[in-house]
Amino acid sequence: SHVIPSLGLGTLITLISSHWLLAWMGLEISTLSMIPVMTGSRHPRAIEAAAKYFLTQASAGATLLFGAATNAWITGQWAIEQTPHPIAAIIMTIALAMKLGLAPLHTWLPEVLQGLDFDTGLILVTWQKLAPLGLLAQIPQDTPALLTTLGLLSILVGGLGGMNQTLVRKILGYSSISNIGWMALAMYYSHPLVLLTLVTYIIMTCTIFMLFKEIEAKSIKCLANA
């Protein structure tokens, strides 16, 4: 019962913070709060999914902290609103891309999602995306090349990867990769457009997850019989 407030608190701390260390702390609170939610069923697949999730998120968190520390070392600034050093900006962008599941750092997302129930999976692909997206939007991108590449790769991988799957949750995982890719692509050009895409994505994702939970769909074959 105490886990859900912690999930909310972690995301809130990240979104309202103006200091990189505090933002990183919020992300880690959010990650650690997600683990008990994932392992609630005690199913071996859920435990495996939680372990994969923890390892990838911890690696991304460490990389983000390294990027923020590098920026502080070079510029003497921890403030998010200050323009970071280009090298630090690249490191932090890559770390946040891993947290979001952007290609080519996406492989954990379909695997983790497959081991979870629909309720937990829904939290993973909606609420858990808000804090990293909020941070990514605040990093000034002097050159759009990195975000554009990550976005285009994610759209491609999400679209083609989903076509090769028969399991519903893996397809939803690739769908998430593709949608976040579109947001990353739009990030350099228009933040309101990213927000519109995010709201639309959350509404559609909530609808489809609740529908699949209701009909207990596990694979495409189940949908044919539903």
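The chain as shown is numbered from 1 upward.
Each residue, glycine too, has its Cβ placed from N, Cα and C.
Since the structure is predicted, the reported quantities are computational estimates derived from the model, not experimental observations.
Under the heading domain 'NADH:quinone oxidoreductase/Mrp antiporter transmembrane', TrEMBL lists 17-216. The feature transmembrane segment is assigned by TrEMBL to 53-74, 86-109, 145-164, 171-189, 195-212.
Remote same-chain residues near the transmembrane segment (195-212) are listed as 118-119, 121-122, 125-126, 129, 133, 168, 172, 175-176, 179, 182-183, 186 (criterion: CB distance under 8 Å, separation of at least six residues from the stretch ends). Residues of the same chain lying 6 or more positions beyond the ends of the transmembrane segment (171-189) and with a Cβ under 8 Å from any Cβ of it are 97, 100-103, 106, 109-114, 121, 125, 129, 133, 136-137, 141, 144, 147-148, 150-159, 161-162, 165, 197-198, 201, 205, 208-209, 212, 220.
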